[in-house]
Amino acid sequence: MKPQLYHHNLPFALEAGDTLPAITIAYNTWGKLNHQKDNVIWVCHALTANSNVADWWKGMIGPGLAFDTDHYFVICANILGSAYGTTGPIDIDPVTKQPYYHQFPLITIRDMVNAHELLRKHLGIDKIFLLAGGSMGGYQVLEWTLMQPQLIERQFLIATSARETPWGIAIHTAQRLAIEADNTWQKRDRGAGAKGLAAARAIGMITYRSYDSFMATQSEPGNEKLDDFKASSYIKYQGDKLTRRFNAFSYYILSKALDTHNIARSRSVSVETVLQSIKQPTLVMGITSDLLCPVDEQKLIAQNFSCSSYLEFDSRYGHDGFLVETAIISAHLKEWLQLIETDDQFVTRKG
């Protein structure tokens, strides 16, 4: 599904102080915007995903599903710094007429949200019925709700956190070290750092899945093997696979953006106090086997919201369960959306 493009031909100021001369935003939509313009579901995507929700979140979008395209106008925009149409490191700098590459500036989650805001205004959307995101997408949801509280009516958060943890920052640093160790990384070429990117993705896969997942799918059938183990082949394959659709520059800059995530930054209060300021009805979901973003992070969010439902479920897929277990997720989200139309009382529960 080819994305639509919105060109913002004015300077775009970044939180860290730099400015991009102009930006392009790639986005996809499904369904129809109703006359009242009050049926918008905006999905925020994670690290290496794109704006085609129907491709990477199968089972969530379509007639009769949680993001019911017979009733809702669903939109997803590719994030700033990515590799799928929105301005990123391999794009041309209008000033130098050369690709940005290593000169692409530091961006934050708030910068991504500000880019979403430009697109929202361009499309004439004044209310978002549901703002949804998992993992890094959840980071955007929280920041957007805090930045534009009158815009967002409901939130759906899964496998996410209110700030990047030391655990997450350490993982991202190890991934960037892998990219930096690639002797092609300093080249001004879109293929630079590809082997490092593959290694970074391999590191990531260990945190995206779980012990049970690897035991179930990568165990050896016998006891005699000395080399070429299935688990080795699997993470090598996953690393190489990413290099065919992504680039090291975007991965590097987006991992830095992940590290910046902290909803309390520049708000002069604690994370808990910031969360308590969010009044929108919210469904928060956690995955018990999530190594990257453990359920304690989702519990912190739900416990500090004044109007939230919390649900966690088991999955052998770990963090990636938010992408894989769509039958469970879609069913609970549909049920919750129906519930909040008739009942404003929410309870914390475990499922």
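Think of each number as a place in line: the chain as shown, counted from 1.
Glycine too: its Cβ is placed from the backbone N, Cα and C atoms.
Taken from TrEMBL, the feature domain 'AB hydrolase-1' covers 40-325. Mean pLDDT, taken over the domain 'AB hydrolase-1' (40-325), works out to 98 on the 0 to 100 scale.
According to TrEMBL, the feature active site, nucleophile maps to Ser135. Following the DSSP three-state reduction, the secondary structure of Ser135 (active site, nucleophile) is coil. Annotation for Ser135 (active site, nucleophile): spatial neighbours Ala46, Leu47, Ile158, Ala159, Thr160, Leu292, Cys293, His319, Phe322, criterion Cβ-Cβ under 8 Å with sequence separation of six or more.
Per TrEMBL, the feature substrate binding site maps to Arg201, Asp320. In sequence order, Tyr208, Arg209 make up the list of same-chain residues 6 or more apart from Asp320 (substrate binding site) whose Cβ falls under 8 Å from its Cβ.
Under 8 Å, Cβ to Cβ, and six or more positions away along its own chain, Asp290 (active site) finds Ala159, Ser210, Gly318, His319, Gly321. According to DSSP, Asp290 (active site) sits in a coil region rather than a helix or strand. Residues or ranges marked as active site by TrEMBL: Asp290 (among others).
Feature annotation from TrEMBL assigns active site to His319 (among others).
Its Cβ taken as reference, His319 (active site) is surrounded by 23 other Cβ atoms within 10 Å in the chains shown.
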